[in-house]
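Notes for the one structure printed next.
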Amino acid sequence: MNSAQDPDRGNRKLVVFGILGVTVLAMASMAIGKYSVPPSAILRVLFAGLTGGQPDVDPIQQTVIWNVRLPRVIAGLLIGAALAAAGATYQGLFRNPLVSPDILGVSAGASLGAVLAIFLKMPVPVIQLMSFFGGLLAVAAVYGVGAAVRGRDPVLTLVLAGVAIGAIVGAGISLVKILADPYDQLPAITYWLLGSLTAVTRADVGSILPAMVIGLLPLVALRWRMNVMTLGDEEAQTLGVDTRLMRLALIFGATLITAASVSIAGIVGWVGLVIPHVARLLVGPDFRRLLPAALLLGGGYMLVVDTLARSVALAEIPLGILTAVVGAPFFLWLLASGKRGWS
Amino acid sequence: MLELRDLAFGYGTRQVGGGVSLILRPGEVLALLGPNGAGKTTLFKTMLGLLAPLGGEVFLDTAPLETLDRKERARCIAYVPQAHAALFPFTVRDVVLMGRAAQVAPFSAPGRTDREVASAALERLGMAHLSDRPYTEISGGERQMTLIARALAQQPKVLVMDEPAASLDYGNQMRVLGHVRRLASEGMAVVLSTHNPDHVFMVADRVAMLHEGRLAGLGAPADVLTVERVKQLYNIEVVMGVLPGGSSKVCSPRLGPGD
């Protein structure tokens, strides 16, 4: 046995292969669609876009790639990666494999924000903004309750506070739905709640990028300590870990990237629950390997789903429907096959 | 090494016990014996700094525990929980490496030295061959040994073990206790809780008996762990003695017709 081997070394191969795979998927996703574009044209458009030149291709192809599909592909990658990373973090932090990124009410809060904004006939950027802050606010409320309750298992307190606050927020969403105009606003609300990347622009991608980077920082920086957190609060403390600070930093990061994702794509379920399981199955539970694996798998998976969403039917299928139809049976298969990354 | 001075302990405002004073010396195994609800776990949590004392003080060497931060405590005093089921299939080596958390800077991962310390800890307990096995797939006894190895990776002066022999089969109980004895002979101070008077006779240099949150006796097992004391703690009639060919005293219950 090579006991002094550095586990980070095996990591590099994984990351390189993952990035290659995701790049191929991204190219395919840009080529596929109602208006199909050959890969050579995609490369020319990308090259010209990056260097500021004028590509030697059909202007329609250029518009389709540069203004429509590229932002959508990047948004899909970011969102899939973020949801999977947040899910992996929460599953470890709450020591529960059934946890998804919405455990602390981030999706519910974001939904209420967005739904309210749609109800108040706000423009799209305001909908995104209200959704983003709605998500953060809900988690802040849950965390506040959790921190105020002393002398109980802090992890359990957080989960239960999340359930309760999620219920209150859910009541608010239902109320807005009842009050909303059934011909105009209600379909928009329903569509938002099912998730979609249809209307994503380059500006949207730019607007969530800072939150994504800031949110991912603590997850990357604390990737080894995250392992210790899976032992539970008291054990981690006896090993010398400041669990309160760790929990705060990790929840902050995971919440930020989830809220940013939800704010432009709506609710895309199942990615944050299923992808961490697949990643754990492939690379094991060590967060140093689990995090990059979840990021890459989540991004790649979201690309595939979004490409399907806009190409299998005449009308676009909401992402939430596809991720549930693909994710839930896969999850059941995982359960039945016993190929689980937990016990 | 570890000293409790007139310690009162409990959760929040609910006091579980008090008036506990004792000193743990290097190379000594101190057994904490007491029935369920006597306050053993609460006392342990207070010793480890997980609960603030409700009165009195805990000293590590000469420093009061509350003046040390969590990392400094973890380098001095290590906790061995009861072998538990883990959720995620970390390898045995990864679990032991977690014992290095207090030595690793917040934003980094264990380095070469840490991996070597972890390997040495596994080696010391004869567990090296299990290094790459998932913790979730090994036996209860092996898990307990893994957790002891993790505690050793902390390179502590004091080991606090919560019923290390509970939930293990007979053979593993004896093996774990054997290792405890050996660690103490190498200079480690060990305090462990147990329900079994036989285990006290087998490994402990001294025994502290906890009854309703108070010390009901402290001293060498042969002197203080008597038939009367067991009757007081557990309300059960026993006989004690060394079996022919045995190496330590054993305790055997005498069940009356009404029991």
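Each residue, glycine too, has its Cβ placed from N, Cα and C.
Summarising the annotation, TrEMBL assigns transmembrane segment to A:14-33, A:73-90, A:102-120, A:126-149, A:156-180, A:200-222, A:248-275, A:287-305, A:317-336.
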Report, as numbers and ranges, every residue of the chain located at least six residues beyond the transmembrane segment (A:73-90) whose Cβ falls under 8 Å of a Cβ in that stretch; write 'none' if there are none. 22, 26, 29-30, 99-101, 103-104, 197, 200, 204-205, 208-209, 212, 215-216, 219, 226, 250, 253-255, 257-258, 260-261, 264-265, 268, 271-273, 275-276, 279-280, 287, 290-291, 294-303, 305-306
Could you check if the transmembrane segment (A:156-180) is in contact with the transmembrane segment (A:248-275), meaning 3+ Cβ pairs under 8 Å among residue pairs at least 6 apart in sequence? no
Look at every Cβ pair spanning the transmembrane segment (A:248-275) and the transmembrane segment (A:14-33), keep those 6 or more apart in sequence, and say whether at least 3 of them are under 8 Å. no
Under 8 Å Cβ-Cβ from the transmembrane segment (A:14-33), and at least six residues away from its ends along the same chain, one finds 39, 42, 64-65, 69-70, 73, 76-77, 283, 289, 292-293, 296-297, 299-300, 303-304, 306-307, 310-311
Give me the stretch from A:102-120, A:126-149, A:317-336 with the greatest number of Cβ pairs under 8 Å to the transmembrane segment (A:200-222). A:126-149
Spatial neighbours of the transmembrane segment (A:102-120) far in sequence, C-beta under 8 Å, 6+ residues away: 90, 94, 126-139, 141-143, 158-159, 162, 165-166, 169-170, 172-173, 176-177, 179-180, 185, 188-189, 192-193, 251, 255, 258-259, 262-263, 266-267, 272
